[in-house]
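Reading through the structure tokens given below for one structure.
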Amino acid sequence: MAPFTFLVGILSLCICCIVLGAAAEPSYAVVEQLRNVPDGWIKHDAAPASELIRFRLAMNQERAAEFERRVIDMSTPGHSSYGQHMKRDDVREFLRPPEEVSDKVLSWLRSENVPAGSIESHGNWVTFTVPVSQAERMLRTRFYAFQHVETSTTQVRTLAYSVPHDVHRYIQMIQPTTRFGQPARHERQPLFHGTVATKEELAANCSTTITPNCLRELYGIYDTRAEPDPRNRLGVSGFLDQYARYDDFENFMRLYATSRTDVNFTVVSINDGLNLQDSSLSSTEASLDVQYAYSLAYKALGTYYTTGGRGPVVPEEGQDTNVSTNEPYLDQLHYLLDLPDEELPAVLSTSYGEDEQSVPESYSNATCNLFAQLGARGVSIIFSSGDSGVGSTCITNDGTKTTRFLPVFPASCPFVTAVGGTHDIQPEKAISFSSGGFSDHFPRPSYQDSSVQGYLEQLGSRWNGLYNPSGRGFPDVAAQATNFVVIDHGQTLRVGGTSASAPVFAAIVSRLNAARLEDGLLKLGFLNPWLYSLNQTGFTDIIDGGSSGCYVGTSNEQLVPNASWNATPGWDPVTGLGTPIYNTLVKLATSVSSTP
């Protein structure tokens, strides 16, 4: 009997070990999952096991809604906290997760042998770097190379990922994983190449060609007595290998902004962003942005923020393995939020975006909150609304291929000021490609309730089911968007797009800040509550024209016949509140008190 007893003991011990081993293996829960490969992408081979990926992990914020309410309050004239912008450390402390939450997440990373030197913790965000093979074990997934059909860009991504149950409730997202979209320039193709007319001819015919002088006349922009102020830095965003060329800038200022020839800009590199001066690549977007932002702003201190992060992220045979992220928004935003308060730009103009549906909702929420954090610190965030009208294809990418108007992100974020487009000058009209509509991710903020509701009442039942009437409406304002003269690689071009509208409006905001600072007032910061409180005073209401979209392929056939948002009296989702009247806006801006 002894051998049998011994055998039973061994079996019992083995079973116990198996049970304990199973208990030691944590159960996992899915954080994010895509039903299928997003439209426009092709799945290729498994990602190289040794490829390094830098991840950004966002923890859920218990006080996010409270914080965003506070940002709106401090930006609303008449509120007791108006103009009381927060300091960097105050924002961090307000949003810092409970210590036990951070400890739990960091403990999980350490238990997965994530190199301690790669872990950086910033409030509710954690960055870490691991090879693909380790990421697959940590996140219970497989990474593959995916190629974009149109651009041939290759990215390492997955369709789903999971984390242990005991940390699942704390994690909002980990990227790059399921986010496939990349920002695109909001720029129409150049209308022609070659040498345009002389400056005198251009100034005499602003209905066909736009220069800084045309815009100054159209929007009543005049010079003020304000001197350059380090508190009023005007920033321009650069992504996707767009290089702001100094020679082109100087030539442009000499030809089209003769009173600004002493103006220049500095360059800040984020995530190894470049600003090559000898590249043969087109830089029309960068040229457009810096040439109009700094020719229209009066003696502004200008900074071009060039951010790296463009693919491909799978190296060719024989190339060095680089750390890949392809998350330029997050890289830029975290860089800016880490800056001391005195080094932040007062205004930041960005002319990039993508279909909102291409952005995971967790990503858009987390990113929008970062924009709100900049607003809390007194930064005015300006985005072009996009160049796809009511939507490019108007087909959802969730596997159902439902017909729907498609909003644009980040323009749809309630904490940015989105700028739509116009054309012509007597009168100005909505331009057909100006993106606008209603967000499917963000509810309508209270500051625009009255304005947007008025439009919806005019619209009635038209387009029911094709949009979200409760969503954040955009754009907020508009400006000219076509026939802009730029100089790129020494060649004079005309270009268009809401890429042009954003730096124009940003320059006007910079001027408003200059006037306020000169009068001893604070920067405007997050603009939208103030803009909507004006009831369109200070804006030309655009009531002619409208947007279009939903085109099938390259033809003029529309998936939704006559798909359009019309420009109407009051706010509309093509031109927002209208185009600026600087002379009125500067008086309004300097009459709103928020003293230091």
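Placement of Cβ uses the backbone N, Cα and C atoms for every residue, glycine included.
These numbers come from a predicted model, not from an experiment.
Glu285 (active site, charge relay system) falls within a helical segment according to DSSP. If you look up Swiss-Prot, you'll see Glu285 (among others) marked as active site, charge relay system, on the strength of similarity to another entry.
According to Swiss-Prot, the feature active site, charge relay system maps to Asp289 (among others), an assignment based on similarity to another entry. Cβ environment of Asp289 (active site, charge relay system): Val236, Ser237, Gly238, Ala244, Tyr304, Ser349, Ser351, Ser499, Ala502, Pro503 lie under 8 Å away, each six or more residues apart in the same chain.
All protein chains included, Ser499 (active site, charge relay system) registers 29 other Cβ atoms within 10 Å of its own Cβ. For Ser499 (among others), the entry in Swiss-Prot reads active site, charge relay system, with the evidence type similarity to another entry.
The Ca(2+) binding site feature in Swiss-Prot is assigned to Asp541, Ile542, Gly570, Asp572. Annotation for Gly570 (Ca(2+) binding site): spatial neighbours Ser451, Gly454, Tyr455, Gln458, Gln536, Asp541, criterion Cβ-Cβ under 8 Å with sequence separation of six or more.
The domain 'Peptidase S53' annotation in Swiss-Prot covers 209-592. When pLDDT values are averaged over the domain 'Peptidase S53' (209-592), the model yields 90.
Under the three-state DSSP scheme, Asn205 (N-linked glycosylation site) falls in the coil class. Its Cβ placed at the centre, Asn205 (N-linked glycosylation site) has 12 other Cβ atoms within 10 Å. Feature annotation from Swiss-Prot assigns N-linked glycosylation site to Asn205 (among others); the stated evidence is sequence analysis.
Within 10 Å of the Cβ of Asn264 (N-linked glycosylation site) there are 14 other Cβ atoms, across all protein chains. Annotated N-linked glycosylation site per Swiss-Prot: Asn264 (among others), in sequence order, evidence recorded as sequence analysis.
Among the features that Swiss-Prot reports, N-linked glycosylation site is placed at Asn322 (among others), with the record citing sequence analysis.
Under the DSSP three-state reduction, Asn365 (N-linked glycosylation site) is assigned to helix. Residues or ranges marked as N-linked glycosylation site by Swiss-Prot: Asn365 (among others).
Here Swiss-Prot flags Asn535 (among others) as N-linked glycosylation site. DSSP assigns Asn535 (N-linked glycosylation site) to coil in the three-state reduction, outside any helix or strand. Around Asn535 (N-linked glycosylation site), no same-chain residue at least 6 positions away in sequence has a Cβ under 8 Å from its Cβ.
According to Swiss-Prot, the feature N-linked glycosylation site maps to Asn562 (among others). For the recorded site, Asn562 (N-linked glycosylation site), the DSSP three-state label reads coil. Sequence-distant contacts of Asn562 (N-linked glycosylation site), defined as residues of its own chain at least six apart whose C-beta falls under 8 angstroms from its C-beta, are absent.
Swiss-Prot lists 1-16 with the feature signal peptide.
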For Ile542 (Ca(2+) binding site), nearby residues of its own chain (Cβ under 8 Å, 6 or more apart in sequence): Thr422, Pro427, Glu428, Lys429, Ala430, Ala478, Ala567, Asp572, Val574, Thr575, Gly578, Thr579
Euclidean distance between Cα atoms of Glu285 (active site, charge relay system) and Asn205 (N-linked glycosylation site), Å: 24
Cβ neighbour count (within 10 Å, all chains shown) around Asp541 (Ca(2+) binding site): 17
Same-chain residues at least 6 apart in sequence whose Cβ lies under 8 Å from Asn365 (N-linked glycosylation site): Gln172, His441
Asn264 (N-linked glycosylation site) and Glu285 (active site, charge relay system), distance between Cα atoms, whole Å: 17
